[in-house]
């Protein structure tokens, strides 16, 4: 192929070499000939390639487009080659591109200020290099859910019965009259399938929407010199992305600038060891990996499907319809009830068949139906179809397929409402588990407090500094260096007169703001005058960060440390006093500083210390090559106190949780005094609980307890200070061993093990790292503890709503089964026809689920203790309510069955209609009873649930239509006002019965303790 190409190209060159002597017309002819020749040569090349290719194209285009140069907007870069360089970690080829700087130039990116970021620029980059999105698996269509509904065996048997009934009915009575029986079953089945499919389709859409929201991560980029947060989907090739501990790398790219960057590539390679990323040996970063340590800026080279992660994602589809524990328990319950229903249906079938063939049944005119061999085959088949349809319909009513639907509805409804209440559910089971939570372990910063930090105190030596002008010049310079160089934050100012914009963590922003506005720090100038040689990034275990830097003016090296005050103080051997003189730090002085720190902490201030050391010349070479910073012999520059006020409403939320029987524990990295002050302010600690009451403990002390001591003391602990993520994990494990259902809040990368270990992991939406969010079950979008209390309330509401529906459903099931069974055995007929039972099924399964599953949480839910893991789904209170209502309905309806004609003086057809009408109205009235399992006032808060009232109204209207206007369809007779009044009166009696029954006490021992649901 290459030889052919070479020959063709040499021919083309000779043809294109136009002699200067040719006249103008001849030149035109020559160029025309050259064009034709070139097109033929290229065409033959393509044909040659096609012959050799084993795969044939599906369709041949009518023209050929050949890309002979890179995109017009970015002519100096071949994106395919660049993508391959990063994927293959090819350093040699990267050098051919001119290194990272060369790639940035080709992508028109300023390594310091990022891309221009205008709408046209971003759009052009998306057109050229693609967008940072992945194709999602196709959404399930409505037709899919219709098919799923058809897969139900009982529905298929009913459809078969309807088809036979329709065929024989038309054959016997003609098309005009004969379609009613079979047609009405068809319509009823169609209604049940439609409602089920619509509900499932809507819930599926709801879950997909939530999934999209959870994938929409916020990423920090530099555009036009301005640090800003954008959606991960908006990242384009050429963007400069800022990475810090816990971040997910949003696209493939190259390391631009940063320190101590270590990346966890286990999601890609399966290797648990962290990979060092730097500008010399390994500048390659991959989408989907996590930052384990350090911080950096990266240049994006590939996005979306061009990344390695994109290739992997295209083969993975996330299952959003996972089954929750409650759904699994309900499926067990459904199958148990279904088995009972099948047994009763089979008995009814046998009894009806025996009665028919022994001549004990009569038709509408009172004639015997079966006359042995004289009976027509058509009549026998018709009778059998009717009997089978009746038996199958009993099964349909007996199997409470509404239970899984009710769970789906209530979970979807609560998820939607929780989203509005600032909580995004990532894993469905967490909704239910949260209702059983007995302990909540919460962070302090940002959860109990506002995370709006401000420096309110500064101590230089042993004196508080009120005015920055009184600070000695040498100390001021050191503070400015320590703040400007030892930070992951940044400062942006559009013009000299505009406001400063600070970015970074809230603590970093507070310190930067104080240094710029109070100490006149010029961060840009300081960075230009110093070279940073090594960085030790802050993490929650070390609780400090440090840098090694060289002054460009005199080439001297300095170490700067910043972190938790008592930890930095322990590293110091001297301090600067108010006049700027250096003094030795002896034991007495150290005690004084510890008292200052404790005093600030007791005022709810977070205490940060700054320390410094100049490296002697003889040690400079060693330090430069050595990767660990000097940690002793430092000089204390000063202490700052940062105020982070408590969130308004947090005390009320903590009290609500405690009132609901849920223990709240605060786990924080702050020192004991700050932790105690905040915990008292939030109501976690009582003011009378002194320091020695074991309510407050330090992480290190807790860690050193023996396992037995930990188990003994863990319940008494309210506050754990100076804790590491390992201490948090240890506490969660202890609480779980003691039988607690534990919810944990976390925001850092190191919180991931505790979030995974807990029964419910709650991560923070604002401060939380991507690693923490991925490990959690629910994301608290506003980082507010009050939202945690809301999640608790909703969790209990889900469980309560399911219990309400089970009570309502089982009452109908028990009543319908007993009535049909007794009537079939004694009278040889079922008073409720297939169509009528399907209508009842629709009322209770679908409409009932909708009405009861969408009840809002009430205050009463927070007045009870948490529901234990092992408590039965059907409580004694529910059994009491179910049996009372079911027995009343059975008594009334069997009385109507056997004495209805004489009591009301009506025909058998009207009696059957009275039974049907009374039965349906009993369910409507009982739906009100089901709203409250224990409270006698079932109407409280009714006006707030518009959906419930709407469904009740709709059910009543449809029932009137069924009875009064659909005589042939529903096999009913019209009722007069007196008969309607009697039906309503009988049904309304379920309200006073419910009121009386709720006064009967029940024992704590499970009613069906021998049955495991």
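Every residue, even glycine, has its Cβ placed from backbone N, Cα and C.
Annotation source TrEMBL lists domain 'Cation-transporting P-type ATPase N-terminal' at 96-170.
According to TrEMBL, the feature transmembrane segment maps to 153-170 (among others).
The transmembrane segment feature in TrEMBL is assigned to 182-201 (among others).
As annotated by TrEMBL, transmembrane segment applies to 337-357 (among others).
Residues annotated as transmembrane segment in TrEMBL: 387-413 (among others).
Annotation comment: TrEMBL describes 810-828 (among others) as transmembrane segment.
TrEMBL lists 834-854 (among others) with the feature transmembrane segment.
According to TrEMBL, the feature transmembrane segment maps to 947-965 (among others). Remote same-chain partners of the transmembrane segment (947-965), defined as residues 6 or more beyond its termini with a Cβ less than 8 Å from a stretch Cβ, comprise 839, 843, 847, 850-852, 854-855, 913, 916-917, 920-921, 924, 927, 931, 972, 974-975.
The transmembrane segment annotation in TrEMBL covers 977-997 (among others). Outside the transmembrane segment (977-997), and at least 6 residues removed from its termini, the chain residues within Cβ reach (under 8 Å) are 880-881, 884-885, 888-889, 892, 904, 906, 910, 914, 917-918, 921-922, 924-926, 928-929, 936, 938.
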Predicted model, mean pLDDT over the domain 'Cation-transporting P-type ATPase N-terminal' (96-170): 82
Tertiary contacts of the transmembrane segment (182-201) (same chain, 6+ residues out, Cβ under 8 Å): 140, 142, 145-146, 148-150, 155, 158-159, 161-167, 169-170, 389, 401, 405, 408-409, 834-835, 838-839, 841-842, 845-847, 850, 968-971
Residue distribution over DSSP helix, strand and coil in the domain 'Cation-transporting P-type ATPase N-terminal' (96-170): 47 helix, 3 strand, 25 coil
For the transmembrane segment (834-854), distant same-chain residues with Cβ under 8 A (at least six beyond the ends): 158, 161, 184-185, 187-189, 191-192, 195-196, 199, 389-390, 392-394, 396-397, 400-402, 405-407, 409-410, 413, 801-802, 804-805, 808-809, 812, 816, 820, 916, 919-920, 923-924, 927, 930-931, 945, 947-948, 951-952, 954-955, 962, 969-972
